[in-house]
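According to TrEMBL, the features are:
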REGION    1-42  region 'Disordered'
BINDING   104, 173  Fe-coproporphyrin III binding site
BINDING   227, 316  Fe(2+) binding site
REGION    371-393  region 'Disordered'
COMPBIAS  381-393  compositional bias 'Low complexity'
């Protein structure tokens, strides 16, 4: 869910009326396999629109990023399109890209993921090509879909590099696909369900936290982190799931699973990063730097940062966590360790192909793996020029 215009910001004091951080302590873990929960509800459980199981191509769909200094401002113009932000202001938020030679690591990571998906599909005897397209930089979605269409592949299944429910992770991608389908009306684009609690996505985090806990000092706190979004947008992601909507509920549920499995007995909480936009607009809090300060004041000696909101170590992870949050911890004299994102971890790649096979075989909900009571999340309506479907965003 990354948005590249979110900048390094000066410390902003936490609002006095902000909700306190959601802090938990992992219960002792029993030595047994993780339970795969059945869903508690069946909201939108049925497929909407035509069920497409005869896919002939995979579309790896992501955010995109610049690959040189000359790309940075044009890329940020794409990200902020329609907001009327002048280039002078964009240059202020480009510092993390400039610091890295104008290159975002996300494109190289997606090329690696594309290659890994191709290899895993081939190993399973699934003859599907994997195209790659982005929202904000080359190759764009239209480029990828054009290549697929010209090769005769018009029934595409999208693997979106966003695991959670939000406008930027679901609704905006759908709008992007609608625009592309309008240009290529013979094409239908479906997408995998949100995979926030799929074992393949969660396993790399569990592995990383277990390793980090072994090297941690006393008074360790596990700090789960994800991208902040406006509180109104979070609520709109699924108000029936309580404060923060489905977006917050999904992250808390995943944090519970990881903490219980990898850090039993340790305190943990959920914090947010990469806030941007009008400072008068409420966003999800606490900010990770504010949370580190609070923990240090309470006597925490070491934090293990777990970026559960992201699938790869892209620029916002490297800058906001490895640079800014690490500097905050160092200034306060407490230890800091950051767990890796799934990236091309074999469990994650295998899990994505499991999800692809789930759709190819139209696996019923009761047989779909998930690690929390929220899942399995329902499928989405396909995007087609023939049967446009109004979907709540």
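Glycine residues also receive a Cβ, built from the backbone N, Cα and C atoms like all the rest.
Please treat TrEMBL annotations as automatic predictions, because they have not gone through curation.
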Around the Cβ of residue 104 (Fe-coproporphyrin III binding site), the count of other Cβ atoms that are within 10 Å: 25
Greatest C-beta neighbour count within 10 angstroms, which of the binding-site residues 173, 227, 316: 227
Spatial separation of residue 173 (Fe-coproporphyrin III binding site) from residue 227 (Fe(2+) binding site) - C-alpha basis, Å: 17
Distance from residue 316 (Fe(2+) binding site) back to residue 173 (Fe-coproporphyrin III binding site), taken between C-alpha atoms, in Å: 20
Pairwise CA distance, residue 316 (Fe(2+) binding site) versus residue 104 (Fe-coproporphyrin III binding site), rounded so that it is a whole Å: 9
